[in-house]
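Single-structure report; data block below.
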Amino acid sequence: MSVYSQWFHNPVSIVFLSEVQTFAIGPEANLTDTPQLKARDNLLKIDLPGIAENNNGSGAVAFMTYTIMENVLKATLFHTENDTIKAMMSAVFAASLPKTKNTMLPKPVIFTLRHLTQVDPEGNLTCVYWNQSRWIVDGCELTETNSTYTVCTCNHLSTFALIMQTDRPPEEDKLLELINTIAVSVGLLFLALAILTFILCRWNPKVNNTARLNLSICLFLAHLLFLLVQSFLSHIQKHKLVCAVISGVLHFLFLSSFVWMYLEALQLFLLVRNLREVRVIQREGIHWGFLLLIGYGVPCLVVGVSAGLVPDGHGSDQMMLFKALVQFIILGCPWIFGFFVNNSKMLEYLFLLSTSQQGTFIFLVHCVLNKEVQEQYRRWWKTLCCSSEASESSHSSRS
């Protein structure tokens, strides 16, 4: 039997170092299993007995992993149709058949590669080999991957690497950010006015505003939190726990808004069914305490169960999709524009303006255009004018 295996740490050049393992068999070798070579946490499986059969019973393989070659043969030398961000996910490694005349592989070789960095869940891993001046994919494919290792199979030997592609983040639109900040701020202003109106009108028997008040509060807090997150996003992204907490709070606020919208619709249904004034509904309809229990209890239960069943759900991409769907239901038809914003800049602006003005719509519909609230406004105005006239009269009499 003639089987030879050697491992050594060898300076390949002045700049690059590599770990190399070689394996050789002679004509009298009785080797049936596929040998496995290792170099710096990377593994190679190759059908060396099959190669030896085509080379007079002898065969040898060399497997080496370079230490800093990825800084020279960079991932940017992998050219694709899509303009993506490319990063090296493994060390550059090579396999060869020294002193072998027939280098045809009877079976594909299998490489198990250790990742240099953490894999992006949204990234696309590709097994590539070096072809004179660039990385290409021909003859190699990815067969298996996990958080730390990736398995590649290739039908030839060369210099290989594992490259990850990720989509480039969208370019910042300063005008869009400015419009968003102004629009959300205007929406918050009118939500605040609506909240003050509903609070001051709560003892008016003609105005049933329990659901509207809490809906406005939930939307105000959600939009305010959204604006703050947008302003400090670069600082928040670094802290996973903070992101999860903010995601959970937004989940609760938007879900509460949905429930309060349902309760408001129920109140309107009772109004139409009874064909009576609003004050009758307030007296004979759903008690405000029960409304509060439903309006905040149900969302709290849903968020609690969600956090318990899927602890990593808040702050993840799946939860972002869920929140987008919830917001679509809450904010109504304007969210239809959200499905087309990637194709049209105009639709993106329409989407932003229509969704950020939810508070403006609530203030106009339930305050400015509400007769009962208009009467209350008139009373406040008369009271304000009378008090102003009284103070002026008192001041003039003293003079």
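Heads up, the Cβ atoms here are built off N, Cα and C, so glycines get one too.
Bear in mind that TrEMBL entries carry predicted annotations, made automatically and left uncurated.
Per TrEMBL, the features are as follows:
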- 21-170: domain 'GAIN-B' (DOMAIN)
- 176-305: domain 'G-protein coupled receptors family 2 profile 2' (DOMAIN)
- 178-199: transmembrane segment (TRANSMEM)
- 211-229: transmembrane segment (TRANSMEM)
- 241-263: transmembrane segment (TRANSMEM)
- 286-309: transmembrane segment (TRANSMEM)
- 321-341: transmembrane segment (TRANSMEM)
Residues of the parent chain within Cβ reach of the transmembrane segment (178-199), under 8 Å, 6 or more residues beyond its termini: 207, 209, 212-213, 216-217, 219-220, 223-224, 226-227, 230, 349, 352-353, 356-360, 362-364, 366-367, 373, 376
PLDDT averaged over every residue in the domain 'GAIN-B' (21-170): 87
The domain 'GAIN-B' (21-170): DSSP-derived helix, strand, coil residue counts: 12 helix, 69 strand, 69 coil
